Amino acid sequence: SVSPCHCGKNLPLTCQITAAMFLCCRRHLTFSPPTAVPSPSGHRPLKPRTPRAPILASKNPPPRPWPLPRRQWRWRCSNTDAVQPPPLVEASVSGGGEKKSFWAAVSLIIGTAVGPGMLALPSATIRSGPVPSTVAILLSWAYVVSSIVLVAELSFAAMESGGVNEVSFTGLASSTLGATFGGGVAVVYAALSFSLMVACVAGIGSLVSQLFPAVNPVLANALFPCFAGVLIAFFPFKAVDGVNRVLCGLMLVSITSLVVTGVSVGRSSMLNSLGHACWSPGAILPAIPVTVLTLGFHVITPFICKIVGDSVYDARRAILIGGAVPLVMVLSWNAVILGLAGATGSARFDDPIKLLLSVNPAALAPVRGFAFAALATSLIGYAVSFPKQLEDTLQLIVKSFSMKQGSVELSNAGGDHGRNEEVVLTLAVLIIPIFIVSFFSTAFAKALDFAGVYANCFLFGILPPAMAWIHRSRKKRSPGSCEDILPGGNAALLVLFIIAVILAFRH
């Protein structure tokens, strides 16, 4: 069949379709408006179409009247046919493989904050009684959390200004206090972190030796640190987080069973023990330094800021939630042991664990389970955060000896370190404590007793408010600075500084 075309000739229908497709393609390729042609068949002529403006190469796509799909469109980056896909959002933090996870940060806080020393806390609160010691523990917790929030504020400010994903306490001290004083702080901080790791290795080795007396002491000290080193160095952070959560669960189950055991024995005397209260400073103050050391987790705070999320407010929320769980554990354990002491007539005791075992020997298994879980989670927390601290400290020492400037930019130095260096540092910080515990345990214990208390008071008590005051003083000069996440302003910093000085003299 044939029909008339616009040129006045009769053509087959297939030729008309081919000609129409050619004209349509030519019109879209050349962006030339079509001309209206008369229709010989009497149909309504086509209106001329307005040509589309070509999409030029630009970083921002033109606005669209319909919502964008879930998958981003790809925009041409030039007038050629080359197409560039949109940048992918990295799901993990550079330099490691640690994905952003709020609850992983919370579990890491719980595991690191709770140490086996919590079980001995009631021996320092027995003189004051349940109510005064509860007030002292709550005030100590508020002081510890406030100090840790300051460290988180400084960490996020350093990451934002330096454009890095992780900082260390060395970088914070060097950027706020200067290269000279910051270098000394870095060495002391690294020594303290290493001392805590050695203490955890010694405690775990002692528990393994008690459970398996036939095992060689060196092997007993090396079992869990080697397992943790391989896990952290060669497996993704999701696996580390899974093991840490299992250990936190074991710790919570163990402390719950201990509290239930104590309540079942001294239920009637717990209410009677509330009548004993001594509000004298001599009875209350000895418990505050022990509580501060028990509930603190300053060491891992920069690493927490790396994995918790994209805002300092996420870090503050994780610190409050993760820090509240150890607080509940300490308060319940303290109340149960003090009530149990009143029930058994032990007005003074040196070891709460022996007191609990004297009334129920079956509590030995939960005690060992809690101690192992507390030490293991603390070791994991120190092991994932200490390599960055050690790397920045070594780089600061090398730069100081080579007489090079730029200590303020120290936080950028270790941001893009290679995977091999990270593996070597992780294994080194876990293998060296094994040899120290196995062959030099006595000398190291004396150094730890002396340095641990003073280093904690200085690094985690005096330095955070001082560095925060310096940072906020500089921040006031910059117009685009964010607000402070710890309320109270300079008055709160002054209160924290005074409390830290008092605790240092009290120690």
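For all residues, glycine too, the Cβ spot is worked out from N, Cα and C.
Curation plays no part in TrEMBL annotations; they are all automatic predictions.
What TrEMBL says about this one:
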type	residues	note
REGION	35-70	region 'Disordered'
TRANSMEM	102-121	transmembrane segment
TRANSMEM	133-156	transmembrane segment
TRANSMEM	177-208	transmembrane segment
TRANSMEM	214-234	transmembrane segment
TRANSMEM	246-263	transmembrane segment
TRANSMEM	283-305	transmembrane segment
TRANSMEM	317-343	transmembrane segment
TRANSMEM	363-384	transmembrane segment
TRANSMEM	423-445	transmembrane segment
TRANSMEM	451-470	transmembrane segment
TRANSMEM	485-505	transmembrane segment
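Residues 107, 110-111, 114, 270, 325, 329, 332-333, 336-337, 339-340, 356, 360, 362-363, 366-367, 369-370, 372-374, 376-377, 380 of the same chain, all 6+ positions outside the transmembrane segment (246-263), place their C-beta atoms under 8 angstroms from a C-beta of that stretch. Annotation: stretch 283-305 has the most Cβ pairs under 8 Å to the transmembrane segment (485-505), among 102-121, 177-208, 283-305, 317-343. Away from its own ends, the transmembrane segment (177-208) comes close to residues 116, 169-170, 215, 217, 220-225, 299, 368, 371-372, 375-376, 378-379, 382-383, 385-386, 389-390, 392-393, 396-397, 400, 407-408, 429-430, 432-434, 436-438, 441, 444-445, 447-448, 451-452, 455-456, 458-459, 463, 466-467, 470 of its chain (Cβ-Cβ under 8 Å, at least six residues beyond either end). Panel annotation: around the transmembrane segment (283-305), residues 105, 108-109, 112-113, 115, 117-118, 121, 124-125, 127-128, 132-133, 136-137, 139-141, 143-144, 147-148, 151-152, 155-156, 159, 166-169, 172, 192-193, 196, 312, 315, 318-319, 322-323, 326-327, 330, 381-382, 384-386, 388-389, 452-453, 456-457, 459-461, 464, 503, 506-507 of the same chain, lying at least six beyond its termini, place a Cβ under 8 Å from a Cβ of the stretch.
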